[in-house]
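Copied over from TrEMBL:
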BINDING   His3, Arg41, Tyr104  substrate binding site
DOMAIN    2-106  domain 'Transthyretin/hydroxyisourate hydrolase'
Amino acid sequence: STHVLDTSTGTPAVGLFVDLYKKRDESWTLWHSTTTSGDGRVQFPFSQDSMAAGTYKLKFNVEDYFKKNDKATLYPFVEIVFKVSEGAHYHIPLLLSPYGYTTYRGS
């Protein structure tokens with residue numbers, strides 16, 4: 001799961017497009033596309049069992065989000081690549097502003 005907080009407003013980033021990819025061999029396969037909800041969250045329709053161990057990528061379409069809110073941004077998109085181990089839960093939050101971002105492994 002993931003959620004996005006717009007730190008420039010102190011509110012959830014609502015309506016931000018997010019793509020989830022899985023790495024296969026040397027290329028990325030798109031698994032799911034969605035947008036953040038009213039509380040800035042995305043619950044992907046996958047269980048721990050269906051997300052096998054491997055390397056995944058979240059792509060956040062930041063420029064579209066900020067344009068919609070009449071703001072300029074340095075980043076057209078943010079990609080977070082992470083590894084999944086068998087049986088573990090992953091929550092990857094994104095703290096976002098027009099000119100910076102940070103992420104961490106949440107609970």
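Just so you know, glycine gets a Cβ as well, placed from its N, Cα and C.
Quantities reported herein were computed from a predicted structural model and do not represent experimental measurements.
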Task: Would you mind splitting the domain 'Transthyretin/hydroxyisourate hydrolase' (2-106) into helix, strand and coil residue counts from DSSP?
output: 7 helix, 50 strand, 48 coil
- prompt: What other residues of the same chain, not counting His3, Arg41, Tyr104, have a CB atom within 8 A of the CB centroid of the substrate site?
  reply: Ser1, Thr2, Val4, Leu5, Gly40, His91, Ile92, Pro93, Leu94, Gly106
Field: Recorded substrate binding residues, His3, Arg41, Tyr104 - maximal Cα separation rounded to whole Å
entry: 15
Message: Going by a 10 angstroms cut-off between Cβ atoms, which of the binding-site residues His3, Arg41 has the sparsest surroundings?
response: Arg41
Statement: Listed in sequence order, the residues of the same chain lying six or more positions from Tyr104 (substrate binding site) whose CB sits under 8 Å from its CB are Ile92, Pro93
